[in-house]
Amino acid sequence: MRRHGPRPDAAHYNALLEGLLAAAHLRLADRLLLQMADDGVARNRRTYTLLLGAYARAGRLEDSWWVLGEMRRRGIRLDTAGYSMLVRLYRDNGMWKKAIDLVMEMQEVGVELDVKIYSGLIDTFGKYGQLADARRVFDKMRAEGIKPDISTWNALIQWHCRVGNMKRALRFFTSMQEEGMYPDPKIFVMIISRLGEQGKWDEIKKLFDGMKNRGFKESGAVYAVLVDIYGQYGHFRDARECIAALRAENMQLSPRVFCVLANAYAQQGLCEQTVNVLQLMEEEGFEPNLVMLNLLINAFGTAGRHLEALAVFQHIKDSGMSPDVVTYTTLMKTFMRAKKFEKVSEVYREMERAGCTPDRKAREMLHDATVVLEQRGCIY
């Protein structure tokens, strides 16, 4: 490009830098920055934002502070995306007190806080037990007319459940449904488990009545059966018992019912029960689809059984189905949990070869896996 074409400018370098960072080639990105300096091309806001995002994802604190220092020295202010990355950095490194200063700084410089920043702040405060601050941020968010997304609600419910404040957790859970959002199975199981531990079965009954009234009748019935079994045995039991109980309730079995049930088991890493749901689904004349098989991969991954997850992935391909981005990302997550970092990049490359566009989560996992391999000296 430099020999035969026009002299590259910041836009050209930023495009190359973005590609390298997205593919987690940090060392090549460092070399590109040196070349950029040699060519006398000044780094701009885009350059620093790309670097900050990559360093924050990789947990490279010193490099992140260097980027922030450079931006301040050059008079480049952080934008909404930059502040969002900074919130994530504080959250992942136990620096929740700095998050308070960050809110004040954003207000002073007139940066507009979006749902991503608010959710990140709420999650940060919740993670470190500062629930009063989390609620204040939530109230401010609502006052400014910003609608919470599923991440916001999940953070509020999860951290209040963790400290045993079920009254507030249930209040947030109800509000979420009133805004038309479907309960996350993992969060739902956390709520019923906590209420079950406290013996609050009347509260659980109220919970299901509310779900049915808000249009979650089918899913609510499945969860109700799970709760009955949880209450009777202290843990989630055989899928066949659940199906039998649903029949006793005169519920019309459908692929969606099986999907909800499989998801509830998969979130707990109960692989055999997830497999049982698939078998029962086939017995009812419903063919397990890609969504169900993705759930099975997730169940094996959560249970730390990466070989079984890989076998399901192979079954998907052998059956003539085309894996989607959820399939690949779930398998990558499985290998991340198993610390098989070299497999993460293999799955990512296979996803690209299959013509499936990697999502943000897949790119982040590739980045994190590559950083670990570089630290181990496995990449040269």
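Yeah, the Cβs are placed from backbone N, Cα and C, and that goes for glycine too.
Per TrEMBL, the features are as follows:
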REPEAT    44-78  repeat 'PPR'
REPEAT    79-113  repeat 'PPR'
REPEAT    114-148  repeat 'PPR'
REPEAT    149-183  repeat 'PPR'
REPEAT    184-218  repeat 'PPR'
REPEAT    254-288  repeat 'PPR'
REPEAT    289-323  repeat 'PPR'
REPEAT    324-358  repeat 'PPR'
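Within the model, the repeat 'PPR' (254-288) carries an average pLDDT of 79. Across the repeat 'PPR' (114-148), DSSP helix (H, G, I), strand (E, B) and coil residues number 26 helix, 0 strand, 9 coil.
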